Amino acid sequence: MAATKKSTATAAHQIIPSQPTSMSADKFLFSCLQVFVLFFEWARSFLLSTQSRLSAVPAENARLEPSKPISEEEESVIEKPASSITPRYSNLVDPSTYNDLGLCSALPLRVHKFAHLADKGALRAQEDWKRLVGPIRNFTGCLSPRFNGIAVAVPECIPERLEIVTYANEFAFLHDDILDNVGKEEGDHENNEMAAGFGSVLNPADNVKMSASGKSQMQAKLILELLAINEPQAMVLLKCWEGLVKGESGSQHFNFQRLDEYLPHRVINLGQTFWFGIITFAMGLTISPDEAEKANNITDPAYATLALANDYFSWEKEYIEFKQNPTSDDMANAIWIIMKEHSVDLEEAKKICQDKIRESCEEYVRRHRQFEREATGKVSTDLLRYLAALEFSISGNVVWSQYTHRYNFHKPAAKENEDTDDEGAKSDDSKTTLNDSTDSTVVDVKTPATSGLLSSANDVLMSRTAKSLVGPILDVQLPELPDKVVLSPSQYVKSLPSKKVRHHAIDALNIWFNVPEAELEVIKEAIDLLHNSSLMLDDIEDDSPLRRGFPSTHVVYGISQTINSANYLYVMALEMTQRLNSPACLNVFIDELKRLHIGQSLDLYWTANVQCPSLEEYLKMVDYKTGGLFQMVAKLMALKSPMAGRVPDLSNMTTLFGRYFQIRDDYQNLMSEEYTNQKGWCEDLDEGKFSLPLIHSLTTKPNVRLQAMLHQRLINGKMTFEMKKLALDHLAETKSLEYTKEMLGYMYTQLQKEVDFLERQTGSENFLLRLLLKRLQV
């Protein structure tokens, strides 16, 4: 209680004025009375805290009574963590009703006033896991007989966010339990799958493939709910969480010999950045990266306290799991490290660990108080609130850990025949190993060491030429020519950055179709081949010099070679579709390919003849051209679905999605800085393409100058910078860009309604599809 004494003495010094030589007796008595009151308040605080420590008993023997809020008068004499937080959403818990084992006696315990919302979030997460992923056995997360973990660890969470924050933490617990019971390779796979889910939102421009597993479905649902509350703060949490799972991948089970080696690793593994994201999102805080970096030296002992306390209370649970499922000869736990480092038994190691927890807790309180005195007014209030909230996290975690079944009740030894049941709690994708994926690649194919393009064929020809100059002319069994040259342009365009929207769409739709994995991969490959072919041909036909920030394929390989390669991809796509062993699938492939070319022909015709189409003509062209591949995907998946006669009709949704995708592209072409970097500024104007904004402008208010510029573009091959500015001025005058964005909003709303309808029709929620739509929202 040294801190309380100091603060009281300081307060007394501030209240009592310097006594002048002639001071009235009344004033002197009043000052003495003030000192007496302050001393009485301090003494009461000291007795309450001392009583708490002296009466400490093991938590499992303590009474499980409800949280007992104390009066405002009582609260005023108990030391608060900092002046940065004025409690709004929590009650102070009477220290005589719980036991902190003397680990953090300087810190108060608060519990959220709406703790039932935290319980609701934890239970909802467990139900979603059972429904989307698999059975849950011997699991306990945030819930406990006394306190919910989040309700005491983040007691000042904004009430509207408490349920989803607890849901997120429960999901993290479920994921963590998988890691505790699998080997390193499978653990890395689980973490990589989780990281891909976050990466698909954080870095949509990267080629990130999100799994279609049940766990990814649940992750997508969680991400959508977080983004809907506050997108910027949610993105910080997702970035922090991504950093955690990426850091965990490949880092399990190090053979640490000393605690000072282990603790920095454990702090990261515990989720220092993750907890930063949880607190800031929960409390609605915005902290700049620079400020967060400055605070690291302050918060290090806080996270060391949390890490050590977690290891202390979870020792029995982790040791049982270690003995039942040994994935290493070593444990990653502070108790284990201390026993090795100091050659002591378990009880002595626990005492040492307790001392370390107290020391690090006291050090954080000291650093925090000093920082607050020196930095107030120099740093943001949100940073100070975050540092104060960490004190609540420490006391909340210590007390909750003593009551939670997660650490105090342990599952029995697993029977051998129950191994497959444990696997049921993970996604189907979790059984895939790195070896499975590499078997299907061409990396292992050995190529000749020569540099010639016709290497193997030339070697044979040269050897025969040495024997005879006539022989090859009569030889009708010459080696087959390699496809290296014809595929090179297509491999180039395939290597360019891509958002893989079509892949994500296929994975999302398969929530409803359940197409077997092998056939699903065939459909993906066929669609990829068609898409890459159309990209190469489109860039030639539009005379576009850039594709995703790189030179277009025909700029690198020439027009003739690019056309030939694109045509070859059509043949490969047809061959791939044949592997589906379905005449109906071939008919779908041919029909949609014909429609795609009809749509493209009209787009080219309008541009070449500077003929503005009507809105209806434009939309039908989009349905044929852009929507064609989405229609093909849905129809092929419906034909290969094992749910014959029960597959949903997605024609409305795929048509709307194709329109949304194309019109979004029209809008981004004129408005997006990212699009400018990848394709050039207002490239559609250079190409003379009749996009929706241009069609709206010309039909709303016909303009001779704009039409003249389009004709001059046809002559010159592109528009100058100044001409583009003039064109944009006319679009602004007719509010065509505002109209386009408004139409995108209407379509987005209708797409969400289509998803609602299909979810009701199929009885299956589709969070992957909802997340994809969210990523594409303008």
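For all residues, glycine too, the Cβ spot is worked out from N, Cα and C.
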Given Swiss-Prot lists Lys499, Arg502, Arg548 for isopentenyl diphosphate, the same-site residue among His531, His597:
His531
Kindly point out the range from 4-12, 265-273, 310-318, 679-687 that Swiss-Prot annotates with motif 'NSE/DTE'.
310-318
Pick from 438-442, 463-467, 538-542: which stretch is listed in Swiss-Prot under motif 'DDXXD 2'?
538-542
For Ser314 (substrate binding site), nearby residues of its own chain (Cβ under 8 Å, 6 or more apart in sequence):
Asn333, Ser401, Arg406, Tyr407
What is the number of residues in the motif 'NSE/DTE' (310-318) that are helix, strand and coil, as DSSP sees it?
8 helix, 0 strand, 1 coil
Close approaches to the motif 'NSE/DTE' (310-318) from elsewhere in its chain (Cβ under 8 angstroms; 6 or more beyond its ends):
180, 266, 270, 331, 333-335, 350, 353-354, 357, 397-398, 401-402, 406-408, 410
Could you tell me the C-alpha distance between Lys625 (dimethylallyl diphosphate binding site) and Asp180 (Mg(2+) 1 binding site) in angstrom, no decimals?
49
Kindly report the helix/strand/coil residue split of the motif 'DDXXD 2' (538-542) according to DSSP, in that order.
4 helix, 0 strand, 1 coil
Does DSSP put Arg547 (dimethylallyl diphosphate binding site) in a helix, in a strand, or in coil?
strand
DSSP-wise, what's the residue breakdown of the motif 'DDXXD 1' (176-180) into helix, strand and coil?
4 helix, 0 strand, 1 coil
Rounded Cα separation (Å) that holds between Glu316 (substrate binding site) and Asn669 (dimethylallyl diphosphate binding site):
59
